[in-house]
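Among the features that Swiss-Prot reports, signal peptide is placed at 1-23. Sequence annotations record features per position, and here Swiss-Prot assigns region 'Disordered' to 211-248. What Swiss-Prot records for 223-236 is compositional bias 'Basic and acidic residues'. For SER293, the entry in Swiss-Prot reads active site, nucleophile, with the evidence type similarity to another entry. Look at Swiss-Prot and you will find ASN397 tagged as N-linked glycosylation site.
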Amino acid sequence: MHFYFNVLNLLTVWVMMAQLQQGVPDEKEKTTALKDLLSRIDLDELMKKDEPPLEFPDTLEGFEYSFNEKGQLRHAKTGEPFVFNYREDLHRWNQKRYEALGEIITKHVYGLLEKECHLKKVTLPVDATENEPKSFIFMSEDALTNPDKLLVLIHGNGVVRAGQWARRLIINEDLDSGTQIPYIKKATEEGYGVIVLNPNENYIEVEKTKAQVQLSSDSSDEPAEKRERKDKIQKETKKRRDFYEKYRNPQKEKETMQMYIRDNGSPEEHAIYVWDHFISQSAAENVFFVAHSYGGLAFVELMIQRETEVKNKVTAVALTDSVHNVWHQEAGKTIREWMRENCCNWVSSSEPLDTSVESMLPDCPRVSAGTERHELTSWKSFPSIFKFFSEAMEAKNSSVKPAPTRRSNRIKYEEL
């Protein structure tokens, strides 16, 4: 890694010496001189010698890691936690290694949902053809038939998939804090049916063929002369980009295209689809949601699109550091009123768990999750959330509105 930086420094000195010998050239001459010098070095080969191949194991055993009895990821030989900087000064390679491990973690969690939590995988769309892109969710056997209670879990956005709250926590902390497994097990013990959404599984990536790459650049109705000028500019731009890529990405990766999953192309679409085809069809008299971060936004969008159905079916909603915004999402007055009575948002805060946290928005009450770390809010608020659900159901059965938490000084909002 240090070698090619030294080469670049040497090239800079050469250019400066050339300037001193020839006087002060204009910008065009400087650029020409530098390009000429750099063109004599095969940067592709230089970087490939420095960066190891982007080839990683596809199993935990291959990485020499496993989860111990406490659910912590540990090295099989040393017993040490995961080390990100496996190779000094190779951040990109280390990041790719981390991402490869993350994909294995995702599959591992899927396995735990089926084996330990006894959930079943259900394919989406429900009428998917053999060749179209597909997604899936996880459900307990009684998810649609349980007459009493149903728990629905929605994680945030990013790389996390069904069953996860935060990949970072799974790798660096443990399975309990980073996955939804404690929620699923607790819900099962207390007689809930369970549905685990998978809102980030929106598309599959396939490698582009040469014909598709060519088509994407040729598909234009512009006049030939204009297209030629445009092509020339694009070629020059590509040449400069490729020149830079030799530094940033010496091992050129394959060009891919995204094929979106029908009716599940975004977290919001996914939530509505699962509601329409599963949750709304369930027998449960009381449906409860736990939605983390962007999952809260997806729930609010669901409520906007299916307001009457949600009000009739959902008993309470626990949000954890939700990023929803009732103004930006244009949630109506009746939705905001319902959220104030039936939702609670456990937010990252330095205050003790369940302490009231002031909010400027006229939506659901906010209380502390007992942690300042966003990704830990679902885990730290875990016991309070199930208590909130129990109180909500008791209040519904006795026709008395529940207090969102055990706090005092409930925030009063003025309608604007």
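Any Cβ shown, glycine's included, is placed from N, Cα and C.
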Candidates SER293, ASN397: member of the recorded positions with the richest Cβ shell (10 Å): SER293
Whole-number Å only: compute the distance from the Cα of SER293 (active site, nucleophile) to the Cα of ASN397 (N-linked glycosylation site). 30
Per DSSP, SER293 (active site, nucleophile) is which: helix, strand or coil? coil
